[in-house]
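Scroll down for the structure; my scribbles are underneath it.
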Amino acid sequence: MSASSSVTAFEDDVQRTESLYIEEDPNLPYRTLNNNAVIDEFTQETATGTIIKRTVSQATGHEVDYKLVTFEIGDPENPKNWSKLYKWYCTMLIALVCFVVAFASAVVTADIVGVSEEFGVSDEVSLLSITLFVIGFGVGPMVFAEVLGRKIIYVTTLGVAVIFIIPCALAKNIGTLLVCRLIDEIAFSAPMTLVGGSLADLWRKEERGVPMAAFSAAPFLGPAIGPLVGGFISDHFGWRWLYWVMLMLAGAVYLLMTFTVPETYAPTLLSRRAAKLRAKTGDSAYVTEHEIDKRPFGERIQIFMIRPFQLLFRELIVFLISLYMSVLYGLLYMFFVAYPIVFQEGKGFSASNTGLMFIPLAIGVVASAVCSPMINKHYLKLRSKHGEKPPPELRLIPMMCSCWFIPIGLFIFAWTSYPSLSWWGPAIGGFPVGF
């Protein structure tokens with residue numbers, strides 16, 4: 001086959017890829033790239049490390065050949081080709097960041113009374129330190145875009161979050177505490193926003209089940225461990241030390257994320273490679289789709305801001321799962337108020353002993369994560385029956401089975417929480433909820 005016919009055949013493949021991409025995304029009118037983007041550039045490895053794309057220059061009106069930079073086959077710079085050990089290190093560190101965020105949201109519940117007494121406010125006002133923190137979970141994901149890459153967002157937002165823990169610990173009034181808690185969570189929400197993309201950067205589709213389970217356990221394990229640790233700290237050192245401990249933990253994770261986890265976002269990595277190739281060869285044809293996308297940067301940022309709302313309100317499955325998750329998270333945070341009422345007021349427990357009652361909840365979360373390899377194995381078995389494009393609903397099967405544990409746990413907790421009954425009943429009720 002001649003060189004010209006090879007190029008022609010390759011261009012035909014590229015055009016088929018483009019049309020396939022457009023067909024498969026009819027519900028997303030706003031894309032990261034333009035409608036004719038060659039998505040294989042960011043998702044596939046090629047033998048030469050480039051894809052030839054012919055387009056018309058807006059400046060001259062003439063046809064121009066671009067060399068879209070890709071990862072090469074087996075490319076060591078492709079995060080998916082990193083060693084499994086290092087990918088698991090990055091995954092667990094990202095999950096640890098999520099754990100710290102959830103831990104920070106819940107650890108302060110151990111001594112709400114101490115805040116109320118020192119600042120002379122009601123418990124309801126003190127509880128706003130939790131409410132505002134959780135509100136940040138919803139605000140942050142609508143703010144942080146991935147245009148510049150993942151690491152810059154991790155480093156800057158986590159840095160802001162760590163800094164604003166300090167005024168919480170030193171607060172002289174309730175206003176300072178509440179404002180800084182809100183800023184903290186808006187910044188802390190970045191890992192919750194980016195972690196799914198980071199795991200997609202690191203793991204291939206068939207490998208993601210277990211890593212996603214590790215991440216999914218972290219946001220629920222953190223709120224379970226927070227009151228447990230916070231109870232002992234507040235009993236012995238007071239409520240301000242809850243924030244100092246939070247600062248030490250968050251600071252350590254921030255340093256690890258900054259200095260040991262590199263950039264994983266393919267468009268950013270390939271943009272850097274294209275810049276090196278242009279500098280090395282003097283050939284300006286080495287580019288990425290991001291670089292030849294003529295839309296202004298502000299317009300692209302706006303697209304990122306709009307997309308979450310499009311997915312939420314135009315994709316029924318996204319809306320329903322979001323609604324379901326919001327109910328679950330709401331129930332989890334209601335436990336932070338219910339446990340002190342049941343165990344401290346009803347049974348006379350100390351804050352530290354009340355924190356121990358969260359252990360069954362934490363065990364339930366861990367137990368569900370332990371089941372994830374078996375669940376992923378079952379998914380792969382079902383996936384093999386559908387070829388390369390299994391229906392995404394296959395991922396819902398574990399949730400369809402496990403969702404019944406929620407009302408079972410709530411039923412046990414509600415009917416065993418009377419002061420005259422043993423503490424075992426409401427404590428054990430947390431296990432199925434956590435699971």
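Backbone N, Cα and C define each Cβ position, glycine as well.
Copied over from TrEMBL:
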| type | residues | note |
| --- | --- | --- |
| DOMAIN | 90-435 | domain 'Major facilitator superfamily (MFS) profile' |
| TRANSMEM | 88-113 | transmembrane segment |
| TRANSMEM | 125-145 | transmembrane segment |
| TRANSMEM | 152-174 | transmembrane segment |
| TRANSMEM | 186-203 | transmembrane segment |
| TRANSMEM | 210-229 | transmembrane segment |
| TRANSMEM | 241-262 | transmembrane segment |
| TRANSMEM | 316-342 | transmembrane segment |
| TRANSMEM | 354-375 | transmembrane segment |
| TRANSMEM | 396-416 | transmembrane segment |
**Message:** Out of 88-113, 210-229, 316-342, what stretch is closest in contact terms to the transmembrane segment (152-174), meaning most Cβ pairs under 8 angstroms?
**Reply:** 88-113
**Message:** For the transmembrane segment (396-416), give me same-chain residues lying six or more residues beyond its boundaries with a C-beta closer than 8 angstroms to one of its C-beta atoms, as numbers and ranges.
**Reply:** 324, 328, 331, 338, 364, 368, 375, 378-379, 382, 422, 424-426, 428-435
**Request:** Flag the pair the transmembrane segment (316-342) / the transmembrane segment (186-203) as in contact if three or more Cβ pairs fall under 8 Å (sequence separation 6 or more).
**Result:** no
**Item:** Distal contacts, the transmembrane segment (210-229) - CB-CB under 8 A, six or more residues away
**Value:** 87-88, 91-92, 94-96, 98-110, 192, 195-196, 199, 202-203, 245, 332-333, 336, 339, 354-356, 358-359, 361-362, 365-366, 368-369, 372-373, 375-376, 430, 434
**Message:** On the 0 to 100 pLDDT scale, where does the domain 'Major facilitator superfamily (MFS) profile' (90-435) sit on average?
**Reply:** 85
**Beyond the flanks of the transmembrane segment (186-203) by at least 6 residues, Cβ under 8 Å** = 79-80, 82, 87, 90-91, 94-95, 97-98, 101, 104, 136-137, 139-141, 143-144, 146, 150, 153-154, 157-158, 160-161, 164, 211-212, 215, 219, 264-266
**Prompt:** By Cβ distance under 8 Å, which residues at least 6 away from the ends of the transmembrane segment (241-262) in the same chain are close to it?
**Reply:** 89-90, 93-94, 96-97, 100, 103-104, 107-108, 110-111, 151, 154-155, 158-159, 161-162, 165-166, 168-169, 229-230, 233-234
